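Before any comments, here is the structure.
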Amino acid sequence: MDVCARLALWLLWGLLLHQGQSLSHSHSEKNTGASSGATSEESTEAEFCRIDKPLCHSEDEKLSFEAVRNIHKLMDDDANGDVDVEESDEFLREDLNYHDPTVKHSTFHGEDKLISVEDLWKAWKASEVYNWTVDEVIQWLITYVELPQYEETFRKLQLTGHAMPRLAVTNTTMTGTVLKMTDRSHRQKLQLKALDTVLFGPPLLTRHNHLKDFMLVVSIVIGVGGCWFAYIQNRYSKEHMKKMMKDLEGLHRAEQSLHDLQERLHKAQEEHRTVEVEKVHLEKKLRDEINLAKQEAQRLKELREGTENERSRQKYAEEELEQVREALRKAEKELESHSSWYAPEALQKWLQLTHEVEVQYYNIKKQNAERQLLVAKEGAEKIKKKRNTLFGTFHVAHSSSLDDVDHKILTAKQALSEVTAALRERLHRWQQIEILCGFQIVNNPGIHSLVAALNIDPSWMGSTRPNPAHFIMTDDVDDMDEEIVSPLSMQSPSLQSSVRQRLTEPQHGLGSQRDLTHSDSESSLHTSDRQRVAPKPPQMGRAADEALNATSSNGSHRLIEGVHPGSLVEKLPDSPALAKKTILALNHGLDKAHSLMELNPSVPPGGSPLLDSSHSHSPSSPDPDTPSPVGDSRALQGSRNTRIPHLAGKKAMAEEDNGSIGEETDSSPGRKKFPLKIFKKPLKK
C-alpha cells in the first residue's frame, strides 16, 4: 500500500515538473516571436518610407504594401529580391494554373526582366485597379469573381481598389473575421481573382463586356441569316431544277414529235413511190388497151370492107356507133366535172420556183432551231455534271448558268415548235394549191432547172446552203414537202390529164375506119367527131352552127353532107362550155340518125331515103363520083373525086393529125396524158 502511494506521488511530481518546463519554453518562444515581428514591422515600414515616402504614414497603404511584398516573396523562389522570367513563368503555371501564360507574362514583365518589390509597387500604383471605387470593386466581385452574396459586406467595409492586394494574399483575419467568408472555396477563389487583378490589371471581360455581347449577337444573327439564306437558295435551286427538267422533258417531247413527223414523211415517200410504180403500170395497161382498141377497130374495118352484105356492115356500124356514143357520154361527164379554168404552164414553173425558195428559207430556220437545241442540250449536260460535284448544287444555285440554260431550252423548244408548225402549214398549203391548179408543184426538176427554164439571173437567187450532216434528222429534211405524196399523183390518171387530152388520145385507133359511104355516114359521125381536139374556136363555132342547121332543116343527110365528122371534131374549141355545146349537138344528130336507120333496116342501098339515089353504095360501084367506103389510105382518097371536094381534104388532114397525135400528147413535159378506154371489144359471132 505504501509502495503504491509512493509511486503515484512520484509520477504526479514528474508530470508537474514536465509541464512547468514546457510552459517556460513556450513563454520564451513568444517573447522571441514578438520581438522578431516587431523587428520585421519596423523593417517593412522603413522600406515602404524609402520607396513611397508620401504614403508611409497611411495605415491602409502600409497594409497594402505589406501584401504586395508578400506577393513578391511568393514569386521570388530564390529569395534574391528580384523575380526573373523563369520564376514568374513557374508561378503562373503552378500557382495560377495558366496553361499558356505568354500574354500574362509579357504584361507582367514588359521590358524589365527582373521585378523587385519597388517595381511591383509602382506597377500596382499605376494600375487602373488602384483607383477603383467601391462600386467598381462590387461590380468586379459580381461579374468577374461571381460572388454576389458578399456585396453587402463589401459595401459596409467600403473596400476600394487600394485594398485589393490584401485580398490577394492568404489572410485568415481579413477573409474570415472581416469578410465573414466561411466557405474555403470562396476564400480561395477570391484570393486567386484578386491576385490576377493586382498583377495583370483589370480583366478584359469586365472592360469589353458590352462589345463582346454585341459581337456575339451580331454573329448569331449573321449565322441564322446565313442558314436561312442557304435554305431558301437550296429550295429555290431545287424548284428551278425541277422546272428545268420539265422544260427538258417538253423539249424531248417536241423533238419526238418532230421525229414522228419525219417518220410519217418517210412513209408518205414510200407510198408516193408505190403510187408512181402503179401509175407506170397503169399507163402501160392503158397503152395496151389503146393498142387493143386499134386492133379491134382495124378488125371491124376489115370486116366492114370484106363483107358484101349491107346488113353486116350496118350491124358493125351500129356497134361502132354505140361505142362512140358511150365514149361521148363519158367525155361529156368528165367535161362537166372538169370544166374549170386551166392554169398556164408558165404558172406551174413559177409556183415550183416559189416552192423551192420557200424550202430554202425553211431549211435555214430549221438549222437555227436544231443548233439552239444542241446548245440547250450541252448546257443541261454541263449543269448535270456540276451537280455531281461537292459544291456543285450551291454553285449552280448562286450562278446565272441555270437561268441561261432554262432560257436556251425555252427558246429551242419554241423554235422547234415553230419549225414543226411551219412545216405542217407549208405542206398543207402546197397540197391545196396543187389540187386547185391541177398540176404538180412539190415534185419539180429543181431550182437550177427552173431558173434556167424561166431565164432568171442566177445571182438573184443567191447561193443555196448545203445541208449539214450533223443535225438530228436522219434524212434530208430540206425535201420534206417533196416526200409528201402529191394529191395529183394519188388521183386517177384520167384526172391528171386535161379535158383536151381526154378527148384526143382515146382516138388513136380510129384513124382510117371512119371513112364510110353515104349510107354509113350517120354512124361514123360520132366516131369521127372524137378524132381531134385542136384549139380552133372560130372553126368550131361555124361547125357547130352548121351541124345544128343541117340537123334541124333536112335530117341527118344534110348534116353528113354539109359537115364532115372529122372536120367537126378537128374544130373542137378549148372552151369547155363551147365543147360541151358541140358534143350535145352531135349526140342529138347521132340519136336522130340512129332512129332513122332503125326505122328502115331493110331498105336496099339504092333506095334509101337518106342517101342520094344517083349514087351507089357498093364497094364495087364504077361511078367515079362515089366516095370510097373503105377509106384505108389517104392517097386513095386524094385520087378520087367526091361530091364534096373539101371533104376528102379534111379527112386527109384528120388522118395526118391522127398519125402524129401520139407525139403531140407527149410534147408537154409538165403534164402526163392518160387516155380513156372508149372501145370495148365486141363478141365474135
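Every residue gets a Cβ built from N, Cα and C, even glycine.
Values in this document were obtained by computation on a predicted structure and should not be read as measured data.
Looking at the stretches 70-78, 178-186, 322-330, 475-483, the one that Swiss-Prot records under the feature region 'Contributes to fast Ca(2+)-dependent inactivation of CRAC channels' is 475-483. Swiss-Prot records phosphoserine for one of S26, S519, S616, namely S519.
In summary, of the candidate residues S58, S257, S614, the record from Swiss-Prot lists phosphoserine for S257, whereas the others have no such entry there. When you go through S492, S668 in Swiss-Prot, the residue listed as phosphoserine is S668. Given the ranges 154-167, 280-293, 560-573, 672-685, the record in Swiss-Prot names 672-685 as region 'Required for generation of inwardly rectifying CRAC currents'.
Noted from Swiss-Prot: of S22, S512, S556, the annotation phosphoserine belongs to S512. Residues belonging to the region 'SOAR/CAD' (344-442) score a mean pLDDT of 86 in the model. The region 'SOAR/CAD' (344-442): residue composition by secondary structure is 87 helix, 0 strand, 12 coil, according to DSSP.
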